[in-house]
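*Asks:* Here's a structure for you.
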Amino acid sequence: MKISVAIDGPAAAGKSTIANIVAQKFNFMYINTGAMYRAVTLMCIRQNISYTDVNRVCEVTKSLKMHFEGEKLIVNGEDLTESIKHPTISNTVSNYAAISDVRKLLVKLQQQMAGEYNVIMDGRDIGSVVLKNAPLKFFLTASPEERAKRRYNELSEKNISVNYDEILNDIIKRDHIDSHRSSSPFVKAEDAVEIDSSFLSLSEVVQIISSYIKKYIEEHR
Ligand code: DC
């Protein structure tokens, strides 16, 4: 039986960093679904395709062969891991992710991956839609200010020029679009364990999630 772990939460809550560490610890495949929506956005921007041109966005989505290699996202043979983190993509990805047909295509792909491997998948609709039956669901959150501070530090360390207030505004705007779209809006699954990481260190959050996974594995040996 394959084990699926779902981690949902708002923008910049630290989901990908934490999911990646936990995945390595348990030797699970880490699937960063936000990266998949970002890849669609990047490929559309490269071809000047607006999110309002739904048919062309769907054509692009269908043309993408995506797979993960550890933390890396490879799309049509190209490593897009770093380029999709750029603020240009962050600013507009919510608009592409709100397209219902794009969601259907990516959700299908995500479910196929979870059928083949033990996975830790993070995103916005994992516990509520993609892996509705996952035995382990987490909802990771932190205050918008704390999330903006962390994203600011992360981008500054990579020498990407950023402004704290712009990041905070972008996070608030993205949370709003993600939570108010008509197609699978971002919600906390009823059976998810909520973890507010505002006052927790990275390793404390990793430890909390790991303890649930260990317990589950022991009980289902
Ligand atoms: O987690 P992230 O910031 O990389 O996500 C990028 C965008 O994609 C964000 O606006 C929310 C959206 N998203 C989504 O709608 N559903 C998911 N499962 C993952 C991300």
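Going from the start of the chain as shown, residues are counted 1 onward.
Quick reminder: no glycine exception, Cβ is built from N, Cα and C everywhere.
Annotations per TrEMBL:
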DOMAIN    5-214  domain 'Cytidylate kinase'
BINDING   GLY9, PRO10, ALA11, ALA12, ALA13, GLY14, LYS15, SER16, THR17  ATP binding site
*Asks:* From GLY9, ALA11, ALA13, THR17, which binding-site residues have a C-beta atom under 6 Å away from some atom of ligand 1?
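*Replies:* Near the molecule: ALA11.
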*Asks:* Suppose we draw a 10 Å sphere around the Cβ of GLY9 (ATP binding site). How many other Cβ atoms does it contain, all chains included?
*Replies:* 26
*Asks:* Counting other CB atoms within 10 A of each CB, which of the binding-site residues ALA11, ALA13 comes out lowest?
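*Replies:* It is ALA11 that, of the binding-site residues ALA11, ALA13, has the fewest other Cβ atoms within 10 Å.
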*Asks:* Using the centroid of the Cβ atoms of GLY9, PRO10, ALA11, ALA12, ALA13, GLY14, LYS15, SER16, THR17 as reference, list every other same-chain residue with Cβ within 8 Å of it (recorded ATP site), in sequence order.
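*Replies:* In sequence order, the nearby non-listed residues are ILE18, ASP122, LEU140, ALA142, ARG147.
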*Asks:* For LYS15 (ATP binding site), name the DSSP secondary structure in the helix/strand/coil scheme.
*Replies:* helix
*Asks:* When DSSP states are folded down to helix, strand and coil, where does GLY9 (ATP binding site) land?
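*Replies:* Once the DSSP labels are grouped into three classes, GLY9 (ATP binding site) ends up as coil.
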*Asks:* Once near-sequence residues are set aside, which residues in the chain of LYS15 (ATP binding site), 6 or more away, have Cβ atoms under 8 Å from its Cβ?
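*Replies:* Expected: ILE7, ASP8, GLY9, GLY34, ASP122, GLY123, LEU140.
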*Asks:* Averaged over the domain 'Cytidylate kinase' (5-214), what pLDDT does the predicted model reach?
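*Replies:* Looking only at the domain 'Cytidylate kinase' (5-214), pLDDT averages out to 96.
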*Asks:* Determine the Cβ neighbour count for THR17 (ATP binding site): the number of other Cβ atoms within 10 Å of its Cβ.
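*Replies:* THR17 (ATP binding site) is surrounded by 16 other Cβ atoms within 10 Å.
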